[in-house]
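A.B. asks: Below are the structure tokens for one structure; questions will follow.
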Amino acid sequence: MTLFLQLGFQGVALGMVYALIALGFVIMTKGSNTFNFAHGEFVAVGAYVVVALMPHLPYWMAFIGSVVVTVTLALVAERLLLRRLVSASPTALILATLALAVIVHALVLVVWGVGTKGSAGPVGSGTVEIGDVVLTYSGIATIGTSILVLLALLVFFRWTSYGLALRATASHQEAAAAQGIDVGRMFALSWGIAAALAVVASIFLASFPRIVSPTIGLVALAAIPAVVIGGLDSFVGAVVGGLVVGLIQVLGAGYLTDYGGGRLHEVLPYVLMLVVLVLRPYGLFGSRGIERV
Amino acid sequence: MIRKLVPTLAVGALLTLSACGGAAESSSDGTDGVKMGPGVTDKEINVGLLTDYSGPIAEAATSGSLGMEVKFDEVNAAGGVCGRKIVPVKADTKYDAQQTTQAYRANAKDMLMIGEVLGSVSINAIKPNVERDNMPALAISMNTATLEEKNIYVPLPTFEVELANGVVWAAEQAGATEEKPLKLGVITEGDEVGQPYQDAVVAAAEATPGVELVAKPTYAFGDQDFTAQVSELKAAGADVVMLGTAPAETAGVVGTSAQLGYSPQWIASSGSWFAGLAEPLKGLLNNFYVSGGYGTLADDVPGIAALKDALATYAPDAKPSNFQVGGWLFGEATVAALKQACENKDLTREGVIAALEDLKVDYQGITPEVDLGDGDSIVSYSSRMNTIGAQGELEAVGDFYASDAAKEWGAANGF
Amino acid sequence: MSEPALAVTDLSVRYGAAATALTGIDLMVPRGEIVTLLGPNGAGKSTLMRAVSGLLHVHGGVITSGRVELLGSDVTSDRPAARVRRGLAQALEGRQVFPDLTVAENLAAGGHVRRYRKAQAREALERALSHLPRLHDLMDRKAGYLSGGEQQMLAIGRALMSQPTVLLLDEPSLGLAPKIVETVRDIILDIRDEGTSILLVEQNAAMALSIAQHGYVLESGRIVRSGAAADLRDDDEIAALYLGVSASEGAGSHA
């Protein structure tokens, strides 16, 4: 039982990180009709910039600095690439984001090299014990911060004019333009929010004892099954999907190692993703696309 | 399962285009009666250095290259090899498959041999060319998988050797006996990368009296949480844990253990350690050891003294780095091969390959003498233990030794 | 008050390299009046609406000559948002509400461009709802689940949220039962009476000509007739072509 609770706690913490990344995918997909494969590399940039700034600035300033850099990068990418491809086919758009991923990854390697860096998390290696279960500061900070960020997003999308405009654009682009909503600006806003979420996710994805390494961008793509499982257009789905993937990975590493060569926990999220795609292509929480009468 | 997606998409198509081109082997006799192959004249021998001069690991790789170059400078100042100067042909791989292929194709016809090619990315990119062109190549990639490639030699001990020796060392340290056995654990990646490391540790544990292997958890590439693996090691009561991990996973495993209140003795191969880990793992490395296949700049041996002299003479502004030691050793191996080929009056590629066969290279105390054997063998079973200094640098404890357990594992696996 | 609410002068439009969609259109909506634009499917009615609202580029269309003026200002090259801020609003053909937003959210999105403070937003909402009382009870319902008539009312209400001077209505009676068409007709008149100028595109010529002061007939991208609504209504040719068949069930035209 102790082991189960221990793994469960770590699984929820990791799942929250995936949830934040998955939310970024969902927001961009809804807001700009683009599934951005370069999102994982935005996570990488976020982590590397935090680590680069940490020795020189107080932590919170390093974090803000990284948000500024990463969001700027996302906005430039959105402006240069995607807005020009707005009328291109979805395949062309996806290929463009794949190209962007390779370019940003190469950029990260050129600037920071292939070696590993330190941790990027806001808290150190400390722990609190409840009974026999060890709650790490990293885990507590991850879960706590993620919940705050999710609440902030809820407020933004529910009760602010820009949040509403973004949802309206996601719902019906031409109708939004007809209401005088600047659709281009909404594309940019969605990419900016996703990039900011990527930075938050990155500091926890590289929180003690995890460290920043060049594969972090690919690791972030583990959120893709979370997105598909939850539903490409569902905020709730992204969070649930993230938790499902995190829990499968950590609990699976504990209880499934005797099966499938010890790699079942790596494969299972993708199996689940395929099952969902076949049985319920719009995801557990996604909308089938409400029909207009 | 998605880890290879992006690079594969980007590079895969390009790679398929690169399997042609190369160098026509032509030979002639020099005025001294030595048979000369590509890249050799009466005055010079061209040796290729295919490494990362401007890419992601350029800082370390350039430093390693410098170690080789000052070795050549030292030899050239003393008259060279066969009365010929060794000229490094520096080709930038940018640590990228496509760039490596281009660098190889642009320079292959002017090179007698490759003195270093860095990293499995680059090795894999050019191995068909190396095989077809009969190009002898020394590879910087210390695992047994590289050994089997044709014409490719690894002139230093591999990570598997380091781990097996580490098991024996730990048993001795603990005074392990059948009555009071040492409980050993090992953690590796659960795939073809980690398998040889786990095999080597399992074999060494079986061969060492008093060592009981109690847990061998694996992780999947991309795993971000090691609570399960650490819990398994902890529950099994492992006193010593062998790390066949990559550096990022080393941090994850050691850090998670500390958080879960588990503090065994850690023994890593040199491939599991990276100086940059000293910062995130600060305070957790008191019982952490690295089993390393060669020495450091801090050693008081003739080889290191010669390296320092050569650096002072030919590269006085260079910042000291342990990568220079590795480069120097590859330089030693290259020079030894050329000297043997000269003695055989055959400075062709075939001549160098023949010279490499069963070649003994004396590293002047930096690591014990190696025997290149048939090119598919482990060249040395010697390593030594190190602790970690404040900046993450290795500090030797004890001397080089080659355990029977490591040798038996190698023999059993055909190395 | 001399300049018209909306004036289109010598406007020509083409889509990509394809044939010209509109040629030399002249059209005017005087202040406080309803002007209707009639024409068969494919005549170019929607294209003209898009040229006026600024959404032409979304469909790959380009203005090759001519001008669009809103309250005397040239808006030919303005973005849609700028035109809405100047007082232009539209209810798109096919109603095109935001299906997964609630009625309240749909309406609020219509006011986004005005950056209302809370009190202003409430006032705008009250004004819009005063024309569309039916929406009162539907505020929390998702727009995708409304009936056709309710969606049409919502589309109009959403357009009213920016408190426009000129309202473009694209086929508001399309696909609606006759009784509902009556209701919509009354709503349009009601809005006009408040002082809003309206350009009404309709296939239901009988309804349109019954409330408009002026009408234009578009065929193959050209204006072929124009005049007072009463004259057009009495015109035999118009009657034969449009009033007789009163094509209220036709599909939307796109080019």
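Cβ atoms here come from the backbone N, Cα and C positions, even for glycine.
Unlike curated entries, TrEMBL annotations are predicted automatically.
From TrEMBL, here are the annotated features:
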- A:6-28: transmembrane segment (TRANSMEM)
- A:60-81: transmembrane segment (TRANSMEM)
- A:93-114: transmembrane segment (TRANSMEM)
- A:134-157: transmembrane segment (TRANSMEM)
- A:186-205: transmembrane segment (TRANSMEM)
- A:211-228: transmembrane segment (TRANSMEM)
- A:235-255: transmembrane segment (TRANSMEM)
- A:267-285: transmembrane segment (TRANSMEM)
A.B. asks: Taking the transmembrane segment (A:134-157) as the reference, which of A:6-28, A:60-81, A:186-205, A:267-285 gives the largest number of Cβ pairs under 8 angstroms?
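C.D. replies: It is A:6-28, which has the most Cβ pairs under 8 Å.
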A.B. asks: Are there three or more C-beta pairs under 8 angstroms joining the transmembrane segment (A:60-81) and the transmembrane segment (A:211-228), sequence spacing 6 or more?
C.D. replies: no
A.B. asks: Which residues of the chain, 6 or more past the ends of the transmembrane segment (A:186-205), have a CB below 8 A from one of its CBs?
C.D. replies: 13, 16-18, 20-21, 23-25, 27-28, 30-32, 36, 39, 42-47, 49-50, 63, 66-67, 70-71, 73-75, 77-79, 82-83, 120-122, 138, 141-142, 145-146, 149, 153, 162, 165-166, 169-170, 176, 216, 219-220
A.B. asks: Can you work out which residues elsewhere in the same chain, 6+ from the ends of the transmembrane segment (A:93-114), have a Cβ less than 8 Å from its Cβ atoms?
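C.D. replies: Tertiary neighbours of the transmembrane segment (A:93-114) are 33-38, 40-42, 44-45, 48, 52, 73, 77, 81-82, 85, 214, 217.
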